[in-house]
Amino acid sequence: MTAEVINGKELSQSLRNEMTEEVSQLKEQGITPHLTVILIGDDPASKSYIRGKEKASYETGISSELIELPSSTTEQELLSQIYDLNDDNNVHGILVQLPLPSHIHEQHIIEAIDPKKDVDGFHPVNIGRMMIGKDTFLPCTPHGIITMLKSRQISIEGKNAVIIGRSNIVGKPVGQLLLNENATVTYCHSKTKNLVDHTKNADILVAAVGRPNAIDDEFVKEGAAVIDVGINRLDDGSLTGDVDFDSVKEKASYITPVPRGVGPMTITMLLKNTIKAARGFHQ
Ligand code: GUN
């Protein structure tokens, strides 16, 4: 079997075209969706993500502002900045780029953001709403993954979904969203024994391992849908995923590439959440 490639860039483009229309309608009502991004320090990978977010916002008509703070910023200074943004009625979405310098407690920052402006979907209130299946801001990468599966009518109900990775940003929430769609979900991680025994059982396999080409065809069931969340930069500057694309493509029924896979979908879901926030969604 040769897999169908789910191109996240193309899917993103068609979704963003619809969003551009939505934004122009909101503007006619006097609302310009506004996203404020905070970047602490000068991590090159973070800067590159942020450029992508700014470009996509601009193209969709969303106003975005970047607040760059030095890596010496204290937790208290960052919290004050967030409180100001929480109180600013012109700001609909707040995103603090992670990771943060080690002297700042990530969870304190996430919990300081008003849940109504939490376009990342990381605040415990929004995570809780997601867990009970209530409408909320869904975390962007997991939401992008579900959107990719649905775009190809890949059925989720009753399927075995196996997630490799258990981060708060990707692994845990994507498992929850698949469970909400009635999949049978297995989480694998660094302490999992006999990883292959689990992954070979997966109708839907989500790889968020963080190691280039870690998952080859030996891990994959014939006909599976394989979603590659990895973004690994190699020494030659090129990007590669966690999945060995060439071997897995011959065994899976669907596969997402890197680049042009999950990455653009994450940004598209951020735009979606920003529009949702501007519409005054929540509680
Ligand atoms: N760092 C890597 N991915 C993300 C993301 O989706 N949101 C934020 N805030 N930081 C990130």
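Cβ coordinates come from backbone N, Cα and C, glycine included.
In TrEMBL, annotation is done automatically, which means it is predicted and not curated.
The annotation domain 'Tetrahydrofolate dehydrogenase/cyclohydrolase catalytic' is assigned in TrEMBL to 6-120. As a whole-number mean, the pLDDT of the domain 'Tetrahydrofolate dehydrogenase/cyclohydrolase catalytic' (6-120) in this prediction is 97.
The annotation domain 'Tetrahydrofolate dehydrogenase/cyclohydrolase NAD(P)-binding' is assigned in TrEMBL to 139-279.
The NADP(+) binding site annotation in TrEMBL covers Gly165, Arg166, Ser167, Ile231. Ile231 (NADP(+) binding site) falls outside any helix or strand according to DSSP and counts as coil.
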### Query
So how many other Cβ atoms are close to Arg166 (NADP(+) binding site), meaning within 10 Å of its Cβ?
16
#### Entry: Annotated NADP(+) contacts Gly165, Arg166, Ser167, Ile231, maximal Cα-Cα distance (Å, integer)
16
#### Entry: Assigned element (helix, strand, coil) containing Arg166 (NADP(+) binding site), judged by DSSP
coil
